[in-house]
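So the structure is just underneath, and the comments pick up after that.
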Amino acid sequence: MLNKPVLVESLIVFIVVLCVHMVVWDRYSWCTIALAVQAFYVQFKWDRLLQLGGAVFQFRTTANSGLLPASMVIPLLGIVMKERCKSAGIVYFERFGIVVASTGMLVALFLSVIAVGITKPVPTNTCILTGVAGSIIIYTMKHSLTVSEVIEVLEVLLIFVYLSMILLYVLPRCFTPGEALLVLGGISFVLNQLIKRSLNVVESRGDPIDFFLLVAVVGVVLLGIFFTVLFAFMDSGTWISSMFFHMMTAVLGLGVIMPWLYRLIQRNPLFWLLQFLFQTQTRVYLLVYWTVLAASACGIVFYQNAKRSSESKKHQASTITRKYFHFIVVATYVPGLIYDRQLLYIAAVLCLAVFIFLEYIRYFRIKPFGQTLRHLLSLFLDERDSGPLILTHIYLLLGMSLPVWLFPRPCAPKGVLSGAGALVPYSGVLAVGVGDTMASVFGSAMGEIKWPGTKKTFEGTMTAIFAQIIAVALILIFDSSVNLNSSYAWILGSVSLVSLLEAYTTQIDNLLLPLYLQIMLM
């Protein structure tokens, strides 16, 4: 029996795909549509494997596979990036967009082939669809990519395969297949880009902002893999292990990551960072303001835990309480987007590295703070944190930051895209900070009419759409760089589609919604 919410979610994704290709129709459109059709069929095979426990790894069981919405994200991002850079006449980034799209298609196709291969009996019709989609994609890649670009795509695929085998084995129940595709596919692409740029460093200095994210992401991932292997042979909760953890973190940070970053930017990373952070008075004011907000977030955590201790050990934070952090994140990102996006870019990278490092301390029970973090954060767990890692706060940070990090700055004159594209850096603020928060708060407080097959309410979705439209109006008032050029109907349609996707998806909405809104706005 077909799952109605999954069908509606798939319909919304198909509408997004068709909307993009109504504006951008080329040879890659056939590839994307073929990939979407086969992913639609294959995701039901994944769902059946998850229900029967026949998947290769242990995936998150509180959601469907999410293969279709995840399969479309990277190819569509590559296609819209290609078109934006093509219109700006930046050939290098136009080719880069093609590589991104091709990589996303091949990785998604690989995940589909796995599902078809382990399904018993072999689904004949789905095999035929997968074969047709694969043939179209490979034929297009053959006539579109150079030899070096084909090698780059295959390198990312190889990294994805090895990362999947390692991380999905040591982190059971942390991801659905779709979430694994997005997270591990993104990490694989970043790692390949860092290796490529490290091997091709020229004598001229690179832009530190471009390299900071790459080194930070790869550094924390390698750090996690190293300690996972190490603590498989020793108890991580002892003082000796904890001292070794901190010592090796310092050694790897100062002995590997810092020299790697120095090679890329040709200057001392710490001195550059300090100079960058305190370069202008505006940056100092923003840093002080963000420090106050960070202290407020910590205060909420401590207050809620004190409340749990006084009331009941079974007390869990309510939906409204968890949304306090969404309000704080919106208050953090909006001034950064208006006054200094480069500072926000670097600050978000540093915050991501700190979040992941603290999660390592909690996960490995590193003294003296590991057990304390476990106790403090357990209050805010929900059904999506069914694995050994707590990832919802990291997903929230990623959802707000990805539109800033993925913004094609070289293809945007004066750092701003035209039309609805001017709102691209605000995609996370609109989709997660405003839309998802309003839908959750008003839906749980006043919602009565539920969308068929879900717990989400009609009132919550309508409130989310209305709140995002108001937010767009406020952005127009306070950010003079945003000029929508009468593209209001497209913005309304984009916001409405993403809000409907929030109502029906069971994937991590903090990660998925900003990416789809960014695709539509670009």
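Just so you know, glycine gets a Cβ as well, placed from its N, Cα and C.
Taking TrEMBL as the reference, the stretch among 176-196, 386-406 described by the feature transmembrane segment is residues 386-406. Contact between the transmembrane segment (211-232) and the transmembrane segment (64-81) is not supported, since fewer than 3 Cβ pairs fall under 8 Å when only residues 6 or more apart in sequence are counted.
Using a cut-off of 8 Å between Cβ atoms, the transmembrane segment (6-23) and the transmembrane segment (282-303) share fewer than three residue pairs, counting only pairs 6 or more apart in sequence.
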